[in-house]
Amino acid sequence: MKLNDYMEDLAQLPLFEDFRRDDLRNHLMERGTALHRYLKNEMIYLQGQTASKMDIVLSGKVSVQRLDENGNVLRIEDFRKGSLIGANLIFSTFSTYPMTVVSEEETVLLSLDAPLILKLCTLNRDFMVQFLKAVSDRTLVLTNKIEEISPGTLRKKLLDYLTYEQKFQKSSCIVLDGTKKQLAERLGVQRTSLSRELQKMKKDGLIDYDRNTIRIKNLIE
């Protein structure tokens, strides 16, 4: 596993697209970077662990999870190829992971430490802008996730989720990023409860759905 194997993919990320290929390669070969491979269901970061670096997902899938007091898994967010992990934590006053990060499948991450990120921000204005944009976007996404898992009816949680995904995917046909079980974990409910509510919403003419998609018909009740 070598960094050169991923250079083409890295060069296409918004974070690095303003760099010349040779310059980018030289910067990423410096001290402060490391490649890590994780097997499926391997723990990457534990809740409370210090966030000393930012990770870029080069391949695979990573999820942010939390266990409630009853031992149920609450799925907060999934990260796929090109996503940044820890960008919103590395320079925080309280730079610790508030939740656990787990590999959903075999995953490769590229880690960049704080000094290197600061150096790249100094050398390249576009990198700095894209980094700040990523941090800002994470704040908005996390705010939405908090609303999803806050106390409230399951239908309201589903309506909030579908409204958000409709805007994000720019389509009334929402492609699910995972299974119904994973969606239930994300909403903090049981799989059977989710299935019942989806059936009710379909009967009420709000949605239609299959294994991989939910099609919005009318969310105004």
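Every residue gets a Cβ built from N, Cα and C, even glycine.
Marked as domain 'Cyclic nucleotide-binding' by TrEMBL: 15-113.
Sorting the domain 'HTH crp-type' (152-220) by DSSP state (H, G, I as helix; E, B as strand; all else coil) yields 37 helix, 10 strand, 22 coil. According to TrEMBL, the domain 'HTH crp-type' annotation covers 152-220.
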Helix, strand and coil counts within the domain 'Cyclic nucleotide-binding' (15-113) (DSSP): 8 helix, 44 strand, 47 coil
